[in-house]
Each structure stands twice: as C-alpha cells, then as structure tokens.
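Look at Swiss-Prot and you will find 41-48, 147-151, 216-219 tagged as GTP binding site, backed by sequence analysis. Residues or ranges marked as domain 'Dynamin-type G' in Swiss-Prot: 31-309. Residues annotated as domain 'GED' in Swiss-Prot, with sequence analysis given as evidence: 549-635. What Swiss-Prot records for 41-48 is region 'G1 motif'. What Swiss-Prot lists as region 'G3 motif' is 147-150. Look at Swiss-Prot and you will find 216-219 tagged as region 'G4 motif'. Per Swiss-Prot, the feature region 'G5 motif' maps to 248-251; the stated evidence is sequence analysis.
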Amino acid sequence: MSASLSEQYEEKVRPCIDLIDSLRALGVEKDLALPAIAVIGDQSSGKSSVLEALSGVALPRGSGIVTRCPLELKMKRSREEDFWHGKIKYKKDHDEDYEEEIQNPADVEKKIREAQDHMAGVGVGISDELISLEVTSADVPDLTLIDLPGIARVAVKGQPENIGEQIKRLIKKFITKQETINLVVVPSNVDIATTEALKMAQEVDPNGERTLGILTKPDLVDKGTEETVVSIIHNEIIYLTKGYMIVRCRGQKEIMDRVSLHEATEKEKDFFKDHPHFSTLYEEGMATIPNLAEKLTLELVHHIELSLPRLEEQIDIKLADSQAELDRYGSGPPTEPAERICFLIDKVTAFTQDTINLTTGEELKNIQHLNIFSSLRRQFALWKMHLDDSGETFKSRIEKEVNEYEEKYRGRELPGFINYKTFEVIVKDQIKQLEEPAIRRLKEISDLIRKGFIQLAQNSFLGFPNLLKMAKTKIECIKQVKESEAETMLRTQFKMELIIYTQDSMYSDTLSTLKVKEEEGERQKVGILPNSYSISCSLYNHSNNRATLEELMRHLKSYYSIASKRLADQLPLVIRYLLLQESAAQLQREMLQLMQDKNAIDHLLKEDHDIGNKRNNLQSRQKRLMEARNYLVKF
C-alpha cells in the first residue's frame, strides 16, 4: 500500500470498513442493504486469482463451479510484521453461528471447502448463505469484498440443468442493490462486449456509475490486440464511471511451480514496467494488484461515507416499523399466574371497550382504520333510496289505475265520495311490499356488523387462537339472537303500519302541500291565470268523476310520504339499538364472564407458535437495529 494512502487514510479507512463489517456481523443486512464491493466474473475469468493476490491466501480452485456460496472476504491490515491470523464464520446446524480460528494460511482453502460442503451440500450445488472469512496480516489492504460464484453457461455432470439461472439469480441479489459496487473481472484475451458478467452489471447499472472493470491475463493477449486492451483501460470502448484496472496474477503453471504470492507480485510489477504497450498503464497507476488494492479501498471508503446518511435514515424507518409491528403483536403472556390473570383481563377489557367504541363511533385502541358507521350510512341511504323508488313506482301505479277505478274499487257510493276502505286497501298493499326488503336489508347490515366485530377480535387477540375462537363464537351467537329480536321488532312495526294512522295536523299539512304543488304544476303546464284555472278546472272536474279519483291519488301519495319517513328512520333505529348498542353490551358481559373460570385462563392464553416466533424475530431485529444505530452515532 502506498505511503500516501497510509498517511491520508490510516485514521479513517479501517474505522469506515470496520463499521460496515460490524453492521454486517450484527445481521443488519437482513433488514437493509449495506455498502459493499461484489466481485463477479465468468468461469475461468481469473476472479479467484485476483482475490488470492489481494488477500494473500489460496482460495478454492478447479474446473466448474468453485465458489459455491457468497464469500465475504474481510481483510485487515496489521501493523505487526510477520503476523497472520484467520477466522471463518458461517451458519451451521439449527441456524446457529459457527466460528473457527485459522492459524495457518495454508488451511484456508480446506476450511472454505468444508464450509461450502456444509452450506450447499457435497458436490456442485450452490447456496445464497454467506461464508465470512477474516484475514489479518501485514500484507493485505484494509478492504472487504464479497466473492460471488462464477457465471456458468452449461451444466456439467451432477449439476441441475438450471444451474446457470440459479447462479445469475444469486448474483443479481447482490449486484442489484444501489449500495453495492460491482467489481467485474474480465480476461484481457476475450471480447469484453460479449462477457456475461459485464452484461449483468450493465443491466442493473446501465450508466456504469457503480461498476469497476478488472482485466486479467494480459500475458495471454494476442499480438496486435494490445492497443485495444489499452483503449479499454482508458475507458474508450465501454465507458464505466469508475473506470478500469489491469492485473497479472499467478497462472496455473506458476501455482504448480509453487511461486509465492509475494514473488508473483514482483513478477507482475516487472511485467507491466517492461511491457512495450502496458508500461504506460503502470505509470498511470492503472495496473498491478497493489494499485488495485489502493483504488478499491478508496472507492469503498468513499462509497461508505456517501451511504451513511441514508443508512441512518433507513435504520430509523426500520426501527419505527419494527416497533409498530411489535405493538401489534403485544408483549406476549407472562408466566406468573397472577400476572396472567391481569394480562387476560387487560386483553378482554381492551377488546370489549373497543366494541363499544366501534358502535358509538369513538376512537379504537387495537385497530385504527375501522369505522363501521361509514358502511352503515351507505346501507341506511340505500334503504331510504329503496323507499323513494318504491314511492315513485307507487305513484305511477295509482295514476295508471285511476282509469280503472270505476271497475276495480268503486262501490255503491255516489260520484264525489272517496271510499276510505279503498284507500286503506291500496295503502296496506303498498306497505306490505316493503316488509321483506326491510328484513333483507336488516340481515345484510347484521352480517356487516358481525364482520366488524370479528375483525376487531382478530386484531385484539392476535396470536391467541383459543381466545379468538371464544370471541368469534360469542359474536356469532349474539348476532343470531339480536338479529332475531330485530327482525321481530321490524315485523311488529310493519304490522303497526297496517293500522292507518298519523296525526291530523301532520296529515293535513302534507295533503295541503301536495295539493298546492300539483296545482302549481298544472298552471305551469297549461299556462293560464290562477283564477281562470280554478273556475275551468272546477267546472270540468264536477262534470265527471275525475275529481274524486284525483283526490284519492292525492291522499294516497300524502299518506305514503308520511309512512315512508317513519320506516326510513325505524330500520336504522332498530339496528343501532339491537345490533350495535345491545350486541356490544351483551358481548362485553359475556367476555368478562370468562374471567370467572380460573381453570380456563391457561387455555385461553395459549399463544400461537408462529406469533411467538415473529415477536422474537422482531425483538431480535429491533435489538440489532438499535445496536447499529449506536455504532453510527459513535462513528
């Protein structure tokens, strides 16, 4: 690492990277994306060689898929010369963290293979569970990378047919995040435009703002194509905001000849310094592993600094969401008998108070967006609309029947007399037609109220299936009883409506108002003066029986207007009294009676296993987010 990097970043490089590593170790990545550098490349792109050169340790090699799990490679620079320490960590049995110290760098490859076999199974399968490898040495940069499986084009023996798609899904899971810098490894001796790794990076980062290209194997470039490689590194072929670097790592022959990583670094330096085409890249700081390490460290630190404000904001949002969910699930039942009784009393009391508040339109405690009165108003308005429509139909019918009156209704009375019996028959017939629609409306509203009560119970007793079942049973029973009482009351009301009665003054006022209205309508229709209209109309009407029939029509319309107003109010009043007020009061009495049976308390407070797990997970999330926020505050 250069002296300039040591001088300028010694105090903040490691703290920045340690901060993100600590957050990742807490498991915060389950909740939100953290700044990272993800390494991707096609199979045999030289990706493993680059990581080996950076970390100073041998990683799994071979043909086919070698990296079978995401590998978090945490490199920590030690000030002690000749110091080396390794540590591997991953999820083992029952989702528990397994951690093992590594004393010898030669054991790293073996330990990674063991971890991969445990996570992805022995063979060639893959897993998206992370393996964390920490390497502390004087020869490594302060840097954390995430190595992803190489992109496979064709399945080999033992691999599932869709292995290529599986790997791409895994890679996209990491590189899609805006917080990730994508390190794309491409061999220098292939057409860069055709590489799958760069295509995938361009799909998620079309402007190349968070993609850095690494060219490998420059010693295998065909003669005559060197200047094309130089143009790529100079960002003249496919533009990437973060640019390109070029490195030369150990080849297979050098590995077999046991060329050390230190020797390979010296060979790389000599290769670029002496190369007729690539020496300019070395002079510009665009070549060799040490320069790559410095660039990656600076990029990661800069990326972390830019991400911190958004990270703090996301943590606060996630904490608020977690607290809201925890409030919804509650604290869970206590273990002490006396406390369990109090817990049950509080639960039931809160629920019954909410049912009463629901029926009176007050604010609810256990659920925010439940207002039954908005639905009731719509239903009551529909009932009023039905009465009005029925009235209009009634008016049309009696106007049509006027001409049939002589044959259908007239008895022995002389012209000019209204037969009261006829009036009663027509009115009663119309009112009877309203009874069954009223009962149907009652049942619809009763079911709507029942659903509201059950929704309230589900929110109040979340995670307590026995308590919820008991509440649902009582809601259903009370609904049936109160609905039956309401139906009886309504049918009684309709029987009373068959008694033709209203206050004289009320009837006279309604009749007079209707008469004035009709006369005004007739005057406007014929366009004559009021006096001449009255005389001509009177002479005409008394010349036949028309006056009698029109008078009957007026009486029928007036009385229906009064009766329909009574019914428009009566149905809502019956519903609000019996199905709301009385039902809530009865439910409160019956739910509070549950506390009398001390033996039933344990049964009622038996918690749903999934809810308990969700609460524990939320508490764990809240704990790690709180710790994460503390890390950020102290940073």
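Cβ atoms here come from the backbone N, Cα and C positions, even for glycine.
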C-beta crowding around SER44 (GTP binding site), within 10 angstroms: 15
Among GLY41, PRO218, which are binding-site residues, the residue with the most C-beta atoms within 10 angstroms of its C-beta: GLY41
Intrachain C-beta neighbours of LYS47 (GTP binding site), sequence separation six or more, cut-off 8 angstroms: VAL39, ILE40, GLY41, THR67, ASP147, GLY150, VAL185, THR216
LEU148, ILE151 as binding-site residues, winner by CB count within 10 A: LEU148
Model confidence over the region 'G4 motif' (216-219) (mean pLDDT, whole number): 93
Secondary structure at ILE151 (GTP binding site), reduced by DSSP to three states: strand
